[in-house]
């Protein structure tokens, strides 16, 4: 069966091509052993492509497709120089090669005017172009390019100005470009691009939050957080007002953390926020008041805890707390206030040994109390030196007498006994406070002196001892008479016999052996 001569062109009749792409038109034959091909453009325009002939088909390649290829192309085939056939295909062109390009000018600062620029590159035909500008889903601007007879691709630009607000940060500006050409089948016919708004603004609305509160308890934790609105994120500097309007710089962080607060952490804290892009600064302050039970910060004795009798002494007590404490300063042994509530120092002019002892400072408020003690040590010379004689009744020869010397002083006095000799010299007879004379004899008579001594002075007391020997009659015994005399005139009780004999002899503190015998006979 012999096939009839036929031809076809592909794509057939009509083809849509994008400028810049590659387009191949193919002319095929059947039923012809040696076909001859020719290509031409309508109105004898240049082909704008490359022809390649093969045995049974021919191609016209346009690489790349350009605006000159927008024609009707005709393929003619001569079979054996006898029969000629031709067919045509219309090449329709468009250009929509890439997504829009978005620019936002200038460097954005909230509250200022911003310009959005949307560029749609290499569009053809541009008179069909539609452009939408949106902020999130809100349409800001629409522009249709209805006029234009350009014979080449164009880059179309859409501009729109608006006031950028801080709340716009993070929202998307979207440029939607559409190229709806009737009866032209190509994809995509819509292209979009988006850019997030990132305006520079602030700092603004700066505040400080305190956790757990502006008045935390002493010993607890405190976190101060500086909260602000700023883009880009700001530099944050913490500081604290000190006395005389000076400022103590702390840390560069949005959170100032104090793990264990003390009363001296109270004060005015400043958070300074600096945006280096907008060159703006904002400050916030918070007043922190630490609450808690009192803490005694000072309990001292001036000039020293150890003083000499007669010096001026000041006892000072200080405590800190919030609310302010009531202070009681007292000597513990007295259990009485040395000063009124709130006293910070007590003055003891010309201190005496009675002022020595333990002093207590008590500070209290509604949260509790605190106590502290200090000891005042008053150094003084011997005082109140006394001699005690045992027994106090009349003694008989041969018995034992004990004389005990006591004295107060700080440091404790050293006590010794001396005995006056007939020559008037003193002989040290004991370094003990107690002097015991056994088997009392007449030769033990004399003046006995007790001396109390320390580095701050000395004090002496004396006792004069008279001893009466036995009478020759064995059944009669003359009592031993003890008389006392004292440097400090210390009164020592005497028995009735002593008083009686003293009066009869008309002497004080002495006894006459001869007179006593006469009275007794």
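Numbers here mean position along the shown chain, with the first residue as 1.
Note: Cβ is positioned from N, Cα and C throughout, glycine not excepted.
Taken straight from TrEMBL:
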- 5-92: domain 'Ig-like' (DOMAIN)
- 203-287: domain 'Ig-like' (DOMAIN)
- 294-377: domain 'Ig-like' (DOMAIN)
- 382-464: domain 'Ig-like' (DOMAIN)
- 477-501: transmembrane segment (TRANSMEM)
Reported in the order helix, strand, coil, what are the DSSP residue counts of the domain 'Ig-like' (203-287)? 6 helix, 51 strand, 28 coil
Secondary structure split (DSSP) over the domain 'Ig-like' (5-92) reads 6 helix, 54 strand, 28 coil
Tell me, what is the mean pLDDT of the domain 'Ig-like' (382-464)? 89
